[in-house]
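Here is what Swiss-Prot says about this protein:
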type: ACT_SITE; residues: E117; note: active site, nucleophile
type: ACT_SITE; residues: E206; note: active site, proton donor
type: COMPBIAS; residues: 227-243; note: compositional bias 'Low complexity'
type: DOMAIN; residues: 40-219; note: domain 'GH11'
type: CARBOHYD; residues: N33; note: N-linked glycosylation site
type: REGION; residues: 214-245; note: region 'Disordered'
type: SIGNAL; residues: 1-39; note: signal peptide
Amino acid sequence: MGISSILLSALIAGGALALPAAEPVSFDIRDENITLARRAEAINYNQDYIASGANVQYSPNMAAGSFSINYNTQGDFVVGLGWQPGDANPITYSGSFSASGVGILAVYGWSTNPLVEYYVMEVHDGYQTAGTHKGTVTTDGGTYDIWEHQQVNQPSILGTSTFNQYISIRQSPRTSGTVTVQNHFNAWAQAGMNLGTLNYQVMAVESWSGSGSGQISLSKGTGGGSTTTTPTGPTSTSTAPSSGGTGAAQWGQCGGIGWTGPTTCVAPYTCKYENAYYSQCQ
């Protein structure tokens, strides 16, 4: 599968991110005995889109939760490991990544109803922003710029479609740390950028021009930290409660897309993820 040279040229010229192939991307579940209770944490998805002609050496190790990448390409690729389906739990990663030209290291995924392609970019070498700047979110020791960009008649997990991209771009790039995914989902929702049902979610490397290499290990945890969201325009700053503040009581809500209340629980309860829109103290 691949993107034609005409489409790839249009994507690069338009400043848009490279996309997966038009047909739905297949996923790889190596351990069919993974229970539903463990699927949120166990890596079960290998994203391995490499356009025809792209010079990419990608070596995933799902059991170890790591992958290596080496590329020198003018063709598009998106590769990485993660989860199907994705969720709002934090992702911790570590390793190395460097690029000359375009090189993106990001939490990457899709939702349906609405169809959305999303990124939390930790490294964004050579990437030119496009679309509308919607504000910033401060979380995980850094500040991210929030962008929304519309893709018209472009490849997606549902075939050729028109859809929006939600993009958080870290101002101070890093190659190790924790991405509190819930904080980005909340910040996007506050900016009117709502996700639907989550599809796959990976820690990915992407490029369509240049060279680079890296090795990344990743895992998924529970809970989350504090965040500050600053929308653009004449609106006020909204700050979610700190994890050190008063927590929600037993059976109270403690997370979810658009949730602005407590994100921790009073002792001895913990915040348990139920779905993208609701987490509960149990």
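Cβ from N, Cα, C; glycine included.
Since we're looking at a predicted model, the values are computed, not measured.
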Inset, instruction - Looking only at C-alpha atoms, tell me how far the residue listed as 'active site, proton donor' is from E117 (active site, nucleophile), rounded to the nearest Å. - result: 14
Inset, instruction - Could you tell me the mean pLDDT over the domain 'GH11' (40-219), as a whole number? - result: 96
Inset, instruction - Look up E117 (active site, nucleophile) in the DSSP assignment and reduce it to helix, strand or coil. - result: strand
Inset, instruction - Would you count the other C-beta atoms found within 10 angstroms of the C-beta of E117 (active site, nucleophile) for me? - result: 24
Legend entry - Where the residue listed as 'active site, proton donor' falls in three-state DSSP terms: strand
Legend entry - Around the Cβ of E206 (active site, proton donor), the count of other Cβ atoms that are within 10 Å: 24
